[in-house]
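As recorded in Swiss-Prot, the features of this protein are as follows:
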REGION    267-334  region 'Calmodulin-binding'
MOD_RES   S289  phosphoserine
MOD_RES   S308  phosphoserine
MOD_RES   S319  phosphoserine
MOD_RES   S333  phosphoserine
REPEAT    378-407  repeat 'ANK 1'
REPEAT    411-440  repeat 'ANK 2'
REPEAT    444-473  repeat 'ANK 3'
REPEAT    477-506  repeat 'ANK 4'
REPEAT    510-539  repeat 'ANK 5'
REPEAT    543-572  repeat 'ANK 6'
REPEAT    576-605  repeat 'ANK 7'
REPEAT    609-638  repeat 'ANK 8'
MOD_RES   S734  phosphoserine
REPEAT    875-904  repeat 'ANK 9'
MOD_RES   S1115  phosphoserine
REPEAT    1162-1196  repeat 'ANK 10'
DOMAIN    1312-1396  domain 'Death'
Amino acid sequence: MTVFRQENVDDYYDTGEELGSGQFAVVKKCREKSTGLQYAAKFIKKRRTKSSRRGVSREDIEREVSILKEIQHPNVITLHEVYENKTDVILILELVAGGELFDFLAEKESLTEEEATEFLKQILNGVYYLHSLQIAHFDLKPENIMLLDRNVPKPRIKIIDFGLAHKIDFGNEFKNIFGTPEFVAPEIVNYEPLGLEADMWSIGVITYILLSGASPFLGDTKQETLANVSAVNYEFEDEYFSNTSALAKDFIRRLLVKDPKKRMTIQDSLQHPWIKPKDTQQALSRKASAVNMEKFKKFAARKKWKQSVRLISLCQRLSRSFLSRSNMSVARSDDTLDEEDSFVMKAIIHAINDDNVPGLQHLLGSLSNYDVNQPNKHGTPPLLIAAGCGNIQILQLLIKRGSRIDVQDKGGSNAVYWAARHGHVDTLKFLSENKCPLDVKDKSGEMALHVAARYGHADVAQLLCSFGSNPNIQDKEEETPLHCAAWHGYYSVAKALCEAGCNVNIKNREGETPLLTASARGYHDIVECLAEHGADLNACDKDGHIALHLAVRRCQMEVIKTLLSQGCFVDYQDRHGNTPLHVACKDGNMPIVVALCEANCNLDISNKYGRTPLHLAANNGILDVVRYLCLMGASVEALTTDGKTAEDLARSEQHEHVAGLLARLRKDTHRGLFIQQLRPTQNLQPRIKLKLFGHSGSGKTTLVESLKCGLLRSFFRRRRPRLSSTNSSRFPPSPLASKPTVSVSINNLYPGCENVSVRSRSMMFEPGLTKGMLEVFVAPTHHPHCSADDQSTKAIDIQNAYLNGVGDFSVWEFSGNPVYFCCYDYFAANDPTSIHVVVFSLEEPYEIQLNQVIFWLSFLKSLVPVEEPIAFGGKLKNPLQVVLVATHADIMNVPRPAGGEFGYDKDTSLLKEIRNRFGNDLHISNKLFVLDAGASGSKDMKVLRNHLQEIRSQIVSVCPPMTHLCEKIISTLPSWRKLNGPNQLMSLQQFVYDVQDQLNPLASEEDLRRIAQQLHSTGEINIMQSETVQDVLLLDPRWLCTNVLGKLLSVETPRALHHYRGRYTVEDIQRLVPDSDVEELLQILDAMDICARDLSSGTMVDVPALIKTDNLHRSWADEEDEVMVYGGVRIVPVEHLTPFPCGIFHKVQVNLCRWIHQQSTEGDADIRLWVNGCKLANRGAELLVLLVNHGQGIEVQVRGLETEKIKCCLLLDSVCSTIENVMATTLPGLLTVKHYLSPQQLREHHEPVMIYQPRDFFRAQTLKETSLTNTMGGYKESFSSIMCFGCHDVYSQASLGMDIHASDLNLLTRRKLSRLLDPPDPLGKDWCLLAMNLGLPDLVAKYNTSNGAPKDFLPSPLHALLREWTTYPESTVGTLMSKLRELGRRDAADFLLKASSVFKINLDGNGQEAYASSCNSGTSYNSISSVVSR
């Protein structure tokens, strides 16, 4: 942006008389103080906002200045200097004081063509100079052709006004519609490309007028003029051209040519015989021919008359366009104008509305006898309209022209009223100084202070009060300004009036005080302000309602809290005897009932009909309110005036559920017992959950058994036999002697994942961890489904146990067998009151130990959703408690001093690495516990016990204490489990109903939600929550976690060929779990994404976790009969490059099965599954989904016919959306990103395939490139071919990486940025400086936390900054990256490079018709909620 001189122009120049004015500019004579030289100062009004139409845009001003700076010619005006202030840009120009050329010529008695061409030649010379610089003026007309000095023998022409001038770039097409209709070229009218030729047309028109005094194309209307121009409709009439030479007419004809290419250029015109005669005869013909001076003088006179009228029509045009804008004030509306108003009145009002002071001044100057006090048709004089618009200059002008300061409109309002209505403080000061009356009432009894309050102008109200305006004046409705403020909710106005000393207890005609008005309308801040200034809280209206009654009736909870905190009378009765509690109970508003009861209201007050609040609630059948009133001690035996109890009223209205509750509470002893059950006791929560995670053989079961052993029992405890004696492949005796190969370990955990790219750019492993990552798992050489150990844990083993020296626990041991992982998301990380123990064996090499721990911690972290709002530094409020335990220290001969603890030499480095990665997400104990899992009495085991006991005590201390009802439910659960039989699932609603029906009728749903959460914490039940499972209680976790899933997923011997593909009949499932209701069980498993039912076949069920078939269809066949297009993506984790939890791919397969079954209604969709892969065919396109790169990526490859590119795009988008939905719902804490596969290598079936990462696209985009180099193939591939199969329709509607709006950054990305930028940086390179760079400095003061306050639970300032900044349309990911780099935060910018999406499709609804159902592709046919609801 060009920066002009910011100094005050008045410091350097003395400004004098006005020389002229335009729409947005005024030209004044000025004198330079330092030299005494005279110049013209052109004041151009700047446009305030982009959307505004008032003023000139910055771009247009800078263009005019740049052109003026470039030009220097005797016939063109020159620029001296440029200044700028808040409202204007001031151009200091050469003073052209000779007036217009045409005015000068009109004064002559006669003029030959020869004399005329001398002036015209100067114009042509000036235009020749401009065109040589490729500058087109675009506004050549008589008014812009001036004389430098008319008093010299040969006056010099000056071309002025370069406001429309443009530098023509012949490489870029330029179109616009501008200029004066009489002089514009046809290409402007027709909106065709413009060039220098447009000026030549204007010269032709000027010449025509100069010679004849007539305008060639002028019509009666603007439209007619433009039509004449477009049609080139002109002629040389004898009346005007009788004395005109043939050469002059030829000159004009060659210029007024419609085709710009055939029009004379400036060079041609200078060589034309009329301008430059070729012989004496041509020269003589010019001398003999004369300008038609009679007509020319008439033209000049007519022009001056038009200029007089033009001011009025200009005002009319400007204000009409102004009135159509959306940002006009209330005064600037059509209520001040009418077609029946005089033309002059309209012009005056238009000029006022548009702040056109010069225009109004000219207009009034030409209307010497006009009475400016006369009103328009609506009875509003101009002075009042000007007061409403707030322009003091116009007020001064009107008063100077005779406007009375006390003039009123037909409603009795004066100028103060109008200014107050629109909030013009300076205008009010001006009116007050000029003695305009303040407290004039209009016909409705209102004065200025009323209207200021009604429109929320606190500064105006404050000013009027300071001027002495009476704040207690009432209008015809007896309302004060404070009533108006209270009704409309203007706190600042109410505060100003209260501080001015107004009476806060005046009542209006309805008997309402301002407090009653504000309370009814819910303005708690005004209520608080009024109370602080002495408002009577118990003042009542005509119906006896106090403020609390009205707030309760209108459900204004914040007002109710304010009134109660201020001490209003809570038991006040209205004229019917109803207290606020009566009103709340009748309406059934539970939160208000609770608030009133907590304020110690009387529960048993009777109204005039003898009814207590309990009677009203019972009569209306509001069970929750009845229950709460009874709990709080309301009398159930109270009688109405006609002798009825609350129970009688409920029965008469057939509210049997209410009547039944009241019947059970008749005896006070029963009610007392129920109330006692709900009160907290001194008993602490008896147990919490201990969850153990680790790979098979890490010693989890042994560790639990050892922790259960007491001191005496530990002497007699027999060690569990080591499996290495019988299965050396599973537990090698020495990691050095029997180190497993990569292929063994990876094939067993991720069969079929070995086809990874070997080039460094395609590998997903982190530097330094590659070795360990490739050997993460030491699994049996057989397929993991073939269990080699009958003693190994099946699914999730759950037991209640007392751990000696620690306390009672519900112990949940999660099997290390990957086949069970697909069910862990419902149980692993759903309780922050649990202790999570990650166990690993020291038998493994250090790299494998580290990566096993990373695997499980990534799993736990991924299961925890992001909390909103994001906390300071991205921290979690309740991170999971994690303890790391290393086993087999005895076998590995870890050194241990006599009687001391094992000393593992790598514990510090392992803990440091783990805490660096997961310290913000998990609460990891500071110590790594190294022990022999079988030595229950060892020192190491004792240290672990002590640590677990400390954590347990800490957790239990913050858990709510037990209630008798909770203990009662625990004792009742066994009988409920027995009653439920094969289905141990129950909805929360059913649980609430059963407890209320069988155990305690006074327990509310909120009470029982808390109790259910406590039972969940103890492990008695499990609350299951997800998108498909909401508020479902698993009454017996062992039933599902151990019995059902343990049996179903550990199936060993297939009974049929299709079992290898994981397909089972309903009968097969029934045989696997014979004790369960198979239909309900399948719906449960379906909702958990463990299986997918094929509704088309009716009896088949897909269970991907049980698939044994491997390596089917892992790549496309080479034979292709038709031309195909290829494309694909790889979905990978962004941060920690560990394998996806195996279960996630099973869930992906389940959802893809479900999705393809939804698509296959026409029989053209098919899916084939195998271990870690599947192949889909749908509507002519084929798709592979593969788990690759040792489980660290999910690849989606699509191919289809060249003619079906859009189908391929939609299929890829739908399947990726399905996978991303599964990720988001199952692993909400895992951030993933899409990398793109080389379509050319996919087409050539070339492996390894080049992987394009987001940073590749961003780098290319920065360099303005639209293709990427395939370094493997040595060729380039375009963005469109990589991302959308070369489909230009899709590509054109998409946003690319840098241009994607920053609001698309997901919460996990924002949380990571908060973690990087929230903490104060020593060099200031944190969120504060970023806020300044993004243009939001106000947020720094608002969210700055450097005041020593604890930061743990403060909201993230970076998150707040992004939320604010992304409301602007120009906030793109690319802008954010560049701002971060400018800040010096390359770490944050590089993270964005890794995590940001590079392609966002914005397809319209029509394009997605084929895959409309993909929107909910991750949604199960069933939800557990629907299962248990029956």
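Just so you know, glycine gets a Cβ as well, placed from its N, Cα and C.
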For a quick check of packing: other C-beta atoms within 10 Å of the C-beta of S289 (phosphoserine), how many?
20
What is the pLDDT of the repeat 'ANK 9' (875-904) when averaged and given as a whole number?
88
Other same-chain positions with a Cβ less than 8 Å from the repeat 'ANK 2' (411-440) and lying at least 6 residues past its termini are 329-331, 379, 383-385, 387-392, 395, 399, 405, 446-449, 451-452, 455, 457, 459-460, 463-464, 467-470, 473
What same-chain residues lie close to the repeat 'ANK 9' (875-904): Cβ under 8 Å, and 6 or more beyond its ends?
698-699, 702-703, 829, 832, 834-843, 849, 853, 857, 860, 864, 867, 910-911, 914, 918, 920-925, 928-935, 939-940, 943-944, 947-948, 951, 955, 1352-1353
May I have the DSSP-based helix, strand and coil counts for the residues of the repeat 'ANK 7' (576-605)?
17 helix, 0 strand, 13 coil
According to DSSP, collapsed to three classes, what secondary structure does S289 (phosphoserine) have?
coil
Can you count helix, strand and coil residues in the repeat 'ANK 9' (875-904) using DSSP?
0 helix, 8 strand, 22 coil
Summed over the repeat 'ANK 3' (444-473), the DSSP helix, strand and coil counts are 16 helix, 0 strand, 14 coil
Secondary structure content, the repeat 'ANK 6' (543-572) (per DSSP, counts of residues):
16 helix, 0 strand, 14 coil
